[in-house]
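Below is one structure, written out as structure tokens; the observations come after it.
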Amino acid sequence: MKLMALQLLLWHIALWMVPEAAPLSPASSLPQSFLLKCLEQVRKIQADGAELQERLCATHKLCHPQELVLLGHSLGLPQASLSSCSSQALQLTGCLNQLHGGLVLYQGLLQALAGISPELAPALDILQLDVTDLATNIWLQMEDLRMAPASLPTQGTVPTFTSAFQRRAGGVLVVSQLQSFLELAYRVLRYLAEP
């Protein structure tokens, strides 16, 4: 039941962000093989994230949407945007920059969760590696197309969790936000992969 409530919250967040997921113009000059690989990676990360979410919910009982909303405000976790991916006139460079920057943000947030619990560490490590791999692939493609900025983006300010409870609550929130971000990213990549 708690997992269903969490999934409902994720869908609510995704629906709230739907204006950002408006149809894109067909302006993609990205290789099909790159797009298909990214789609596969996003689905793998989503599966890893769902597994970690279930374990966090089962282990720490922090899955009620009301708790998540309150905790989200108190922890002040940053969220990634894909606004350059949603305009009627797609900004491919801006979209790829935002995809990459969002993944870098979530890399940092996942790193901040280190030490959440010994049982969850392997699942967290896998999720972090998969996010890093996707971010690297996007960056390399941007370099190949000469779209990459002069320097790699930084992770920015990552919250410091001062207690085990905050780290566990942050884990639930970070994974939830990552799942919402990935759902939008998947829609963008799927659209770009269409002939």
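Yeah, the Cβs are placed from backbone N, Cα and C, and that goes for glycine too.
Of the listed cysteines (C57, C85), only C57 is recorded by Swiss-Prot as the disulfide partner of C63. Take the CB of C95 (disulfide bond) and look out to 10 A: across all protein chains shown you find 24 other CB atoms. Fewest other C-beta atoms within 10 angstroms, among the disulfide-bonded residues C63, C85, are seen around C63. Other Cβ atoms within 10 Å of the Cβ of C57 (disulfide bond) number 18 in total over all chains.
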